[in-house]
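Here is what TrEMBL says about this protein:
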DOMAIN    53-448  domain 'Major facilitator superfamily (MFS) profile'
REGION    1-22  region 'Disordered'
TRANSMEM  47-69  transmembrane segment
TRANSMEM  89-109  transmembrane segment
TRANSMEM  145-167  transmembrane segment
TRANSMEM  179-201  transmembrane segment
TRANSMEM  207-229  transmembrane segment
TRANSMEM  326-350  transmembrane segment
TRANSMEM  356-382  transmembrane segment
TRANSMEM  394-417  transmembrane segment
TRANSMEM  423-440  transmembrane segment
């Protein structure tokens, strides 16, 4: 704890004189409070207090995974019943229309989260998912299906950035990495659930409609359960509601840790001007570097080539022990090596059995290493490194980058595979992964065990 205090105070010396004097005044004013708080922070807050709130928040990730996979199994039956069987364009639209909705939703997620708070943002993103799923479940036309998928997509775009924000802001620093992995695990469970529920679709008439109806249950549960969850103390403090922020910290961390948590928040400006943050400031202002790191990580995540549940569980266990940066480095490096195996498998000099082993081995290695770092870490790391003033809107921008790259990778992959061949295409993917290794090594700081305020002070740009 003492070393954390020394690290935090040493960063003040790197700050501009105007900010430095403000911090010194704050430190002098709160020196007695700080001394008392240091004894309270010798032990970490109990994980039991924040755990239920994080679990409820990850329902949106479960829904995200479910809706990504819900049409995969029933698509053939849906196309036949709605009259577009054999129309590959229409089938592609049913699958990908939700991506367009997700892009739109992600653009507005930051403004929604900052405007109405994290809890209400969860409830708002669940509503189009309920309406969209009901529309898809009851439609008799292709148009109705596309409208439903688009509405679901807007909720898919709104939800993940808010989940990442909320989990980062309500989690104790010592458990934030573990809790952040819950998002990836819930996404995997949602995908698996969609596949499992879709199994009877070819044997039971109309079962595909049940597949859509099922998703309204967790969405409704999210709306209801969020009534009882804590609001983000960071959002409350930013809005000038310090007493409420203190009460929520008590629910999340326990009474003995409240004073220290509030002192950490008081080290930073309240950021009342956050509502005025513009896209220009994100791209060209003093926060450009962290926005650049965040959006590039999401782009590299998509360009490097499907998460696996077992890998996500391993990541959960390692996130707060090895740290975010190390997991990212080894994850991207492992993905590069898996692409090398795919290149070798496509070599004509390799026997058919050897090619099969290399291809399957490379695929399994890719899935595992992606799930260890490149999958779960960016969604956790970004809300950690973004200052409180811009956190929600910067997450919205970075998630929109994610969806744009996601769309083009899905759109162009098969065509590039056909035009370039597997050896060249997988060599390009391997190169992107190695570029990601270099990018992470140069630009990403380790955030393991640090409070959000310590991270913000360390990354605070000079003015």
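Backbone N, Cα and C atoms are what each Cβ position is placed from, and that goes for glycine too.
Contact count against the transmembrane segment (394-417) (Cβ pairs under 8 Å) is highest for 145-167, out of 47-69, 145-167, 207-229, 423-440. Within the same chain, the transmembrane segment (145-167) packs against the transmembrane segment (356-382): three or more Cβ pairs sit under 8 Å, each pair at least 6 residues apart. When pLDDT values are averaged over the domain 'Major facilitator superfamily (MFS) profile' (53-448), the model yields 84. Contact count against the transmembrane segment (47-69) (Cβ pairs under 8 Å) is highest for 179-201, out of 89-109, 179-201, 207-229, 356-382, 423-440. Here the transmembrane segment (179-201) sits against the transmembrane segment (207-229); at least 3 CB pairs are under 8 Å, leaving out pairs fewer than 6 apart in sequence. A Cβ distance under 8 Å defines the sequence-distant neighbours of the transmembrane segment (89-109), meaning residues of its chain 6+ beyond its ends; these are 67-68, 71-72, 75, 78-79, 121, 125, 128, 142, 145-146, 149-162, 392, 395-396, 399-400, 402-404, 406-407, 410-411.
Through the fold, the transmembrane segment (356-382) approaches residues 160, 163-164, 167-168, 176-177, 180-181, 183-184, 188, 294, 297-298, 300-301, 304-312, 314-316, 318-319, 324, 327-335, 337-342, 344-345, 350, 394-395, 398, 436, 444, 447 of its own chain, all at least 6 residues removed from its boundaries and within a Cβ separation under 8 Å.
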